[in-house]
Amino acid sequence: MVKGEHMKKLIIGMSSFLILDLYFNVITHFVSNTIIQFVGLLLFFPLASSVGKLNGLQGLKGIGLVFHHNWRKHFAASFVMGFGVWLLMYSVYGWIGKFEIIGIQTGGEAWWALIQVMIGFFLGSFINDLITRGFVINILIGKLPPMFIGIISIFVYALDDFWNGDLTILNFVFSLILGCSLTFSFYKSGSIWADTGIHFGLNVAYGLFYGLIGKAGGGLLLITEGAISPMLNTFILLSFASLLFLPVFFYYGQSKPSMLANEKAEEI
């Protein structure tokens, strides 16, 4: 009877993850209208609340959306880490000739590019974090050792990232490395805002050059693409993904592990 109950919860949990993940990625990858896509992303939150309650969690709070007393501090510090390391990476790319900055967007186009990058990447980063870390970790808490839960979350994030690129060994390894920083910040702080700050920061840096749609010059900066060897490109990408872990470790490493910070939290 107990085994049957555990199996039922496992099936519900896996099905719930697939529902949330498919909903989010269908909206972001197969809906081209910006307004409809934005509304669809907002509707994710009531869906996630219902799915969370179905799994015995406290709605959105149960999957990590809590405003604890340090959430602004965690978000800001993590944003600086993600944005700073990724901007440094793009500076290196520019220096070795992967692209050249030839100008900057002005007027209405600049504002539209900025709005798309800030809103689009914030919602995308936040929702992805709620699914691959907030939901996955919270349904596993108490069932497995914290270290195993973190590893599972990292692998789920890496496998899920095929939506944003080719399902290649390189992309998988890159996502595993990046997932270590994102999951570690969540694990040590208990705050979804800690890993969303990192995620959002590196996406904003990317958006300055490629915009929300991932096209060269589609962001605030106008660029022309150059060429570097694939091996050098891979080395730089993996090196900076690894480098990101250093500030994350030094900033959050002294904190006592806390998968979910419920103290002084306001339920959503």
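Counting begins at 1 with the first residue displayed.
In case you wondered, yes, glycine gets a Cβ from its N, Cα and C as well.
TrEMBL annotations:
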TRANSMEM  10-28  transmembrane segment
TRANSMEM  34-54  transmembrane segment
TRANSMEM  75-96  transmembrane segment
TRANSMEM  111-128  transmembrane segment
DOMAIN    111-204  domain 'CAAX prenyl protease 2/Lysostaphin resistance protein A-like'
TRANSMEM  135-157  transmembrane segment
TRANSMEM  169-188  transmembrane segment
TRANSMEM  200-223  transmembrane segment
TRANSMEM  235-252  transmembrane segment
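The stretches the transmembrane segment (34-54) and the transmembrane segment (75-96) are not in mutual contact, being linked by fewer than three Cβ pairs under 8 Å (pairs 6 or more apart in sequence).
Taking every recorded stretch in 111-128, 135-157, 169-188, 200-223, 235-252 and counting its Cβ pairs under 8 Å to the transmembrane segment (10-28), the highest total belongs to 135-157. Contact count against the transmembrane segment (235-252) (Cβ pairs under 8 Å) is highest for 169-188, out of 111-128, 169-188, 200-223. Taking H, G and I as helix, E and B as strand and the rest as coil, DSSP gives the domain 'CAAX prenyl protease 2/Lysostaphin resistance protein A-like' (111-204) the counts 83 helix, 2 strand, 9 coil.
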